[in-house]
Amino acid sequence: MLGCLISFLTPKATPLSFSQNVLFACAPIRSTISHFPHSNPIWVSSHSGQSLRLCRIRMGKVAVGAAVVCAAAVCAAAALVVRHRMISSGKWARAVAILKEFEDKCGTPIVKLRQVADAMDVEMHAGLASEGGSKLNMLISFVDNLPTGDEEGLFYALDLGGTNFRVLRVHLGGKDKGVIGQEFEEVSIPPHLMTGSSDALFDFIAAALAKFVGSESEGFHPPPGRQRELGFTFSFPVRQTSIASGTLIKWTKGFNIEDAVGEDVVAELTKSLEKIGLDMRVAALVNDTIGTLAGGRFYNQDVIAAVILGTGTNAAYVERAHAIPKWHGLIPKSGDMVINMEWGNFRSSHLPLTEYDQALDAESLNPGEQIFEKLISGMYLGEIVRRALLKMAEEADFFGDTVPPKLKVPFILRDRPTLFLLQQIENKCECDQTAVLLKSASFFQRAHSSSIISKFQLSSEPLPLFFPYVLFSLPLLQSSFSLSLFLFLSNALTQDEERKAAVTPDMSAMHHDTSSDLRVVGYKLKDILEISNTSLKMRKIVVELCDIVATRGARLAAAGILGILKKIGRDTVKVGEKQKSVIALDGGLFEHYTKFRVCLESTLKELLGVEAAETIVIEHANDGSGIGAALLVASNSQYLGVEES
Ligand code: BGC
């Protein structure tokens with residue numbers, strides 16, 4: 001382009017004096033200009049005075065031209081830089097505008113939260129009034145007696161509700177002894193079983209149960225003539241027909257096994273147990289919220305409700321039986337009935353829904369369902385962040401000219417249990433070392449699923465993460481490839497949240513990044529989304545997004561809790577009443593996502609006001625649902641009151 005400019009300017013006549021001055025003034029620039037082919041004739045024609053003059057005139061002209069060219073070039077370059085800056089600052093402004101708009105739409109001022117709580121209260125009444133009277137199912141649990149602490153015996157529990165299930169053996173010691181012992185094993189559910197057939201899922205579970213029972217020592221065998229008794233914690237919406245039976249209303253949390261819907265899940269499990277000859281009786285079918293409530297009550301008689309904040313979300317509470325119009329059975333002796341609200345399905349015009357939430361819902365396995373859950377729970381928080389980031393990438397070139405392909409993968413920012421890790425390894429390995437690496441990973445998987453690791457999980461001691469990999473990797477460490485796998489495996493799991501396969505570990509890790517350069521955010525963007533070279537400015541925006549999404553979820557959960565307290569009249573302090581109301585909380589989101597938990601607790605206080613807040617206690621019911629199921633088996637045992645022979 002500059003060459004063209006020169007040839008266009010050179011032939012024009014210019015006054016000598018001016019051109020001489022210019023020539024002189026432009027001397028340093030001349031050498032630069034002479035590099036261009038068009039400038040060569042000027043210098044070769046200077047062989048006489050005339051021609052020298054001509055030459056000088058020509059030189060003057062050229063110099064002027066050159067100067068103009070230089071100026072033009074500088075201007076053009078400057079214009080380009082300015083344009084580039086304007087475009088990128090325009091794009092940056094667009095990204096910031098997207099963020100701002102998102103933040104506004106996610107807003108949860110106290111007034112709105114109160115409206116949400118009121119709407120929850122109204123829907124609770126409607127759901128209790130009649131079957132199908134509300135989006136809130138308000139399911140009757142058939143639990144009218146919560147544990148007293150006197151329960152004793154050896155019971156089993158099966159906890160199914162997410163990508164893993166657990167098999168537990170709980171030894172209850174009766175009065176003052178509490179839980180004497182507890183062993184469990186955790187097993188990952190292969191993804192294809194989450195959307196396959198009912199038989200395949202229950203056969204798989206029955207096999208794991210048989211293996212667990214098969215490996216126990218004689219001391220645990222039931223006395224002759226007695227069956228092992230099992231509490232089945234099934235964390236999906238079930239319409240119970242008794243304490244030990246109930247039909248599945250629908251699946252949630254990524255499960256979709258059509259032929260199980262409408263079936264009695266206890267009958268399905270029993271069928272699979274019989275197929276393999278395992279003599280076990282399901283004595284109680286409970287939702288995880290009910291198990292958590294029962295487990296919480298075992299330790300603290302002031303527990304009146306339980307909330308799960310994990311992959312999914314839900315709440316249960318103790319209702320007065322006569323306040324349940326749809327209950328046509330006898331009023332229990334206790335006068336109480338525990339209700340499984342299935343609050344994940346709550347919806348209200350007061351919920352702050354954004355375009356991202358609507359799109360997420362429309363593309364989900366259960367469109368129009370579980371709207372509250374899709375705003376709050378661990379399965380969805382990371383996905384909302386991903387969608388907002390994708391919009392920034394598409395509309396504001398947030399990550400450069402091209403949209404990072406991984407950012408288009410749905411749910412890439414959700415919980416990453418072992419299976420996801422395995423998939424990642426599979427994707428990363430291309431050579432025949434894959435087999436060795438997968439072996440190493442499956443060793444990890446087995447270790448992670450075993451009670452050894454589970455016991456570590458129970459304590460707050462850090463896991464000796466390196467040891468299984470060291471065992472497997474020693475001969476491999478000579479190659480840099482296996483070294484990088486070694487680092488990858490250990491790296492991928494050193495975060496506390498990841499260690500426990502908690503929900504939204506990636507989002508939580510980014511949100512909690514306190515390093516000055518937000519290096520965890522940088523690492524996560526690179527590791528999961530394959531986006532490198534992110535600036536600090538960009539990382540800050542990512543943290544902002546996490547904050548907006550987590551804050552909205554936590555504040556809405558607090559509003560939900562206020563709704564329950566309103567329904568049972570515990571949101572205000574009556575004169576002369578000092579009774580404490582304890583809410584048992586459990587789930588990976590609550591347990592491991594500190595900012596979420598802190599925000600929930602402070603919002604609830606804010607909503608209740610100082611005086612009422614003093615009477616409400618949020619208690620972490622660690623792992624209550626499994627123990628709770630065992631406790632409910634104890635109170636529904638067929639051998640209750642029967643002496644052991
Ligand atoms: C299910 C509930 C369950 C909750 C927490 C929801 O998706 O519908 O039954 O209690 O997740 O696990």
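Numbering starts at 1 and runs along the chain as displayed.
A Cβ is built for glycine as well, from the same backbone N, Cα and C atoms used for every other residue.
Pulled from TrEMBL, these are the features on record:
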DOMAIN    99-296  domain 'Hexokinase N-terminal'
DOMAIN    305-423  domain 'Hexokinase C-terminal'
DOMAIN    497-634  domain 'Hexokinase C-terminal'
TRANSMEM  62-82  transmembrane segment
Segment confidence, the domain 'Hexokinase C-terminal' (305-423), expressed as mean pLDDT: 92
Tally of DSSP helical, extended and coil residues in the domain 'Hexokinase C-terminal' (305-423): 49 helix, 18 strand, 52 coil
Residues in the domain 'Hexokinase C-terminal' (497-634) grouped by DSSP into helix, strand and remaining coil: 88 helix, 11 strand, 39 coil
